[in-house]
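**Student:** Annotations per TrEMBL:
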{"type": "BINDING", "residues": "A:83, A:84, A:188, A:211, A:212, A:213", "note": "pyridoxal 5'-phosphate binding site"}
{"type": "MOD_RES", "residues": "A:214", "note": "N6-(pyridoxal phosphate)lysine"}
């Protein structure tokens, strides 16, 4: 074999402005890069383990998990490999094959996969369609009530902020509906925990999942699973044979760099959520200026309450139609201007985020789009 | 909160000779440290994803997985979060709640946890007890045949090299027994894949799992799951709703640094398995010299065929009895000599490995133990 050059370089994405919403919340601060250096080797987190990851004291994972639980105001927290693995674990622990759960119509595909892997049926509370695609609490309520009339509903899942439109759902209202109907609620905060303040108790969720690599400035793959103490015995049930080990965690989850970076980034994350209002202001400014360019329309709820923005962009679609590079022109024009993160070939619509960018960078991006439009409108 | 100093430093383990067998195979070569720098940010591996991790071409994960499959000679390979997650996935895909599997008596606790999470029953082929603790193929055969008489056996699991004694099992013979009896075999190579040459086809295993952080010079958590093509449709079944996504993988597994380091380390790993005989020679030399010190006895099969060594050490136990620091003396004496990896307080026995150390380092370690013994025998 002489085929070991797998292209393991990432300068383009690191050295340019990356608009990909999937990437904005996972950028490591300097402290986390240092932790990565310290904990790069394989099982590096386990030097002082006495049997369980969450009980390691050096580094102090135990205290970190307590602080993390405080941060999102929930009783108990574990790290998992990602939000999806957290969802799978909850469903696996409380549902049986053939059971039915209710989700929102904007659920991430991993909610469906977690359910499918558990062989569960899904009933969906749809969004209200174009152009806002909103999950209305009254719809969720109606769907949940109808579902309960037909069968037992073991779990309700709600996407706190969805990955398609960046809509922030009214989790508190939906949680109180679920509570009234006696259905536990799992809140998927993959796009919110670590970006904006989260208070699970105030919302009233039974379970909450977050994503370290998506929104908590950590190296992937790592996620957060929080739960109220009433669920501890079920979700964190211990092995009969290995009394310390938690079955749903398969003993331990994150054995290396990801948890070290999540811990190292935590002070930075705690601080940045306080600046969430500034992020929203910045996003709204970005949208306003983009929409001014003409034939660029923000989809989803207005005004935006999250940094993930989906634009419909007929302007770029019409340019693409007569451009020799067709749909690739936009990616290429942006790349020339050191902007990446919008998929090659995509012009009819795209998702983007300016989360954690400076205002100067945002203005630069707006001007780049303006520039591209003007270039082709002239010709 | 002002409690963010979680002790995220690891200089002691990085800057000393670490005898912990869990750590020896996970040390990153320089190339992997570079990859870690490139792919440290969250979802960094997913810039060019079109829907599935194993189909990403930049970096070339697709080609890497093909090369990895060649390396262990199996048809199909996926990365998972670790060997345990690979075992869970196989059991989950082919067994139903209440089913029975057969394992060997030296199985890692994660084999039990994976089965327990799947609510499976375990029948065990025991080892032959003190002092070799060997898994004999005839015992495995007998247990498997007896089990089949009683119930359907959906899966046989065999630990290729166990983590307690470092015994290498006769996987080929056991695989042929399983094949004859019509039971698929899952081989747990967490301690072998990446250290020694593995040929899954030659062995005759249906499934094989490995550990990136334990034995493949990768940042944790990451593992390898290989399977013969006859199992592809079952283990890698696709979602009905998201046609590209593989259900047991929850869509994708490793979204960041771990897979980048596994890929970057691969040339190094491919090369180092060819030096396995030298590693064995070195280990045997280490054992011979340690046993010469007196009252230090290697447990497990002799001569050793793996670098993980378990010593019974009555000598250190008797020193501990009259030492003011009791059992802690050994850890402290070793640490003074810049040797770590043996648990604090442990003196009656310990596990260790000199894998990937130089002969000079091995001699230094032997002399350190000699030195400690002489110090206390004089007094």
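Glycine too: its Cβ is placed from the backbone N, Cα and C atoms.
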**Student:** Tell me the Cβ contacts of the residue listed as 'N6-(pyridoxal phosphate)lysine' under 8 Å, same chain only and six or more apart in sequence, or just say none.
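**Tutor:** Counting only residues 6 or more apart in sequence, the Cβ neighbours of the residue listed as 'N6-(pyridoxal phosphate)lysine' under 8 Å are A:22, A:25, A:26, A:83, A:190, A:191, A:194.
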**Student:** Looking at the binding-site residues A:84, A:188, A:211, A:212, which one has the fewest other Cβ atoms within 10 Å of its own Cβ?
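**Tutor:** Selected from the binding-site residues A:84, A:188, A:211, A:212 on minimum Cβ neighbours within 10 Å: A:84.
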**Student:** Would you kindly determine which binding-site residues in the set A:83, A:188, A:212 have their Cβ under 8 angstroms from any Cβ of chain B, listing them in sequence order or replying 'none'?
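**Tutor:** In terms of proximity to chain B, the binding-site residues that count are A:212, given in sequence order.
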**Student:** Same chain, not part of A:83, A:84, A:188, A:211, A:212, A:213: whose C-beta falls within 8 angstroms of the C-beta centre of the pyridoxal 5'-phosphate site? Give them in sequence order.
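**Tutor:** So the extra residues in range turn out to be A:82, A:86, A:190, A:209, A:210, A:214, A:215, A:222, A:223, A:224.
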**Student:** Near residue A:213 (pyridoxal 5'-phosphate binding site), how many other Cβ atoms are within 10 Å of its Cβ?
**Tutor:** 32
**Student:** Reduce the DSSP letter at residue A:188 (pyridoxal 5'-phosphate binding site) to three states and note it down.
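**Tutor:** Residue A:188 (pyridoxal 5'-phosphate binding site) sits in a strand per DSSP.
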**Student:** Counting every protein chain present, what is the number of Cβ atoms, excluding its own, within 10 Å of the Cβ of residue A:83 (pyridoxal 5'-phosphate binding site)?
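**Tutor:** Here the count is 30.
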